[in-house]
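Worksheet for the structure shown next.
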Amino acid sequence: MAPVPVSVSATLAPPPAAPPKTTSRSWERRAPADAAFAAASSVAGSAALLTLTPAAPAAALSKEDVAGSLTKAVDTVSQAIDVGGKAAEQVAAVLKALGEAVKPALPVLKSASDEALKLAAPVVSAASKQATEALQGAGVDPAPVLSVAKTAAEQSTKVIDAAKPVASAAVETITSLGPEDYVVAAGXAFLAYLLVPPVWSLVSSSLRGYKGDLTPAQALDKVTTQGYVLIDVRSEKDKAKAGLPQLPSNAKNKLVSVPLEDLPSKLKGMVRNAKKAEAEIAALKISYLKKIGKGSNVIIMDSYSDVAKTVAKTLDSVGFKNCWVMAGGFSGRKGWAQSRLGTDSYNLSVVEVVTPSRVIPAVAGRRTGTTAARIGTASSASRATTRKLLPGGVD
């Protein structure tokens with residue numbers, strides 16, 4: 001008899017109660033509670049994934065399901081710990097929730113993780129102590145698995161270098177598995193996050209195709225304090241309607257606009273995926289900007305964070321390994337505008353713009369030529385001009 005599909009939603013635990021609302025307008029104060037709630041929700045989903053019976057995965061899961069669930073879990077937990085949630089009680093609560101998620105799957109985890117932990121033993125980080133305590137606090141005895149691993153107090157760079165071959169092997173293994181092995185892979189990788197964060201960081205990045213997702217608040221912090229470059233790939237129409245991110249004066253030069261190409265109707269009918277093609281063309285233009293290099297930290301922002309992922313993946317594939325995506329984009333439910341971080345009017349703002357190329361005809365009302373322009377209060381007339389400029393020209 002064919003295996004009966006198991007509904008993921010049927011295995012979900014009741015969602016935790018929402019954290020109490022705060023009247024503070026400071027995103028730094030709200031972030032830990034919001035992130036912890038997101039982490040708890042993600043953990044519930046991961047628990048559902050891990051508690052599927054071995055007979056079910058062939059019908060219930062795909063490679064995309066596994067990669068998506070794992071990266072979502074790690075991203076939300078990382079937010080809880082990194083965005084203002086460094087207090088000991090915050091970390092302990094998140095790790096205990098993770099322990100509860102792993103608990104039902106331990107029989108599956110052990111057989112899948114023994115060899116992985118032997119390879120990862122030299123790179124077990126100090127975080128394993130917190131993970132161990134959290135598992136024990138949740139009533140899980142991790143001793144049989146942890147006995148394989150040995151603590152290593154090494155510098156972070158050495159840990160990451162040592163983790164690379166393990167992560168590479170893990171990615172190859174996960175992508176080559178058959179459907180019947182997906183749950184085992186999911187469980188092993190999830191436990192690897194608890195015990196060996198450097199390995200999981202590299203694995204999740206490879207599965208995702210780009211560095212990771214940042215909340216709007218995280219993106220603002222990275223741009224203003226660490227020099228990250230924020231690249232807005234929205235169309236001029238979308239920017240005029242929704243506005244631009246409001247940045248401090250010392251960070252305004254970190255915002256660059258590279259609108260997606262608007263392929264002509266005839267050309268759209270000739271390509272397999274016009275939306276993807278437009279995003280990949282924008283990524284190639286970004287890769288040639290003088291402002292950024294392959295070692296630069298870049299955050300891609302679109303309207304709802306869907307197209308931005310394609311842009312980030314394309315940049316990663318050509319050597320830009322530090323590409324992030326702003327979760328929710330500018331206009332999404334958890335995007336910049338909804339995060340109340342400040343919005344500037346497009347007509348009154350100053351942002352460096354790379355306009356569409358001459359190879360692809362511009363739509364009506366848009367300039368031709370690949371140019372860098374300064375958009376300001378006096379720029380509306382210049383945007384309406386029909387002058388053709390050579391590539392790289394500046395007006």
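Just so you know, glycine gets a Cβ as well, placed from its N, Cα and C.
When T310, T377 are compared in Swiss-Prot, the phosphothreonine annotation sits on T377.
Among the ranges 1-27, 244-270, 325-351, the one that Swiss-Prot lists as region 'Disordered' is 1-27.
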